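Lifted from Swiss-Prot, the feature list:
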ACT_SITE  Ser25  active site, schiff-base intermediate with substrate
ACT_SITE  Tyr58  active site, proton donor
BINDING   Thr57, Gly73, Ala74, Ala75  substrate binding site
MOD_RES   Ser25  pyruvic acid (Ser)
Amino acid sequence: MYRTMMSGKLHRATVTEANLNYVGSITIDEDLIDAVGMLPNEKVQIVNNNNGARLETYIIPGKRGSGVICLNGAAARLVQEGDKVIIISYKMMSDQEAASHEPKVAVLNDQNKIEQMLGNEPARTIL
């Protein structure tokens, strides 16, 4: 049996831009992509903390160190600049792999710089 497990998460990223006229996707600072083991063109889920919207799209790498988090195309209708979002990637794995799997979670500050790296999510609330 295979399970779909969270593999990486950018927690509380700040949307820096919403570009309705670009062809779909989310542009993410390449340093952030690397930090949580995501890949260009990988499918991700995005959860908007401000309005509850959830959507799926794919990653386009943005300039390293820029802090860019830009929702493109139709996704731009579901966010506004300054919104806090959670960006999640998932992997399929066997029960055996899942038993020892530790996702990479980056908690970001308001400038989309990594404040803290976590493995398994803590049992406490992170604000």
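Note that Cβ sites are derived from N, Cα and C of the backbone, with glycine treated the same way.
Distances between the Cα of Tyr58 (active site, proton donor) and those of the recorded positions Ser25, Ala74, Ala75 are shortest for Ser25. The substrate site is defined by Thr57, Gly73, Ala74, Ala75, and by the 8 Å test on Cβ atoms against their centroid, the other residues of the chain that qualify are Gly24, Ser25, Ile26, Leu55, Leu71, Asn72, Ala76, Arg77, Leu78. Looking at Ala75 (substrate binding site) and the residue listed as 'active site, schiff-base intermediate with substrate', their Cα atoms lie 7 Å from each other. Sequence-distant contacts (6 or more apart, same chain, Cβ under 8 Å) of Gly73 (substrate binding site) comprise Asn19, Leu20, Tyr22, Val23, Gly24, Ser25, Thr57. According to DSSP, Ala74 (substrate binding site) is assigned to a helical segment. In this entry, Thr57, Gly73, Ala74, Ala75 make up the residues listed for substrate, with the farthest two CA atoms of the set 10 Å from each other.
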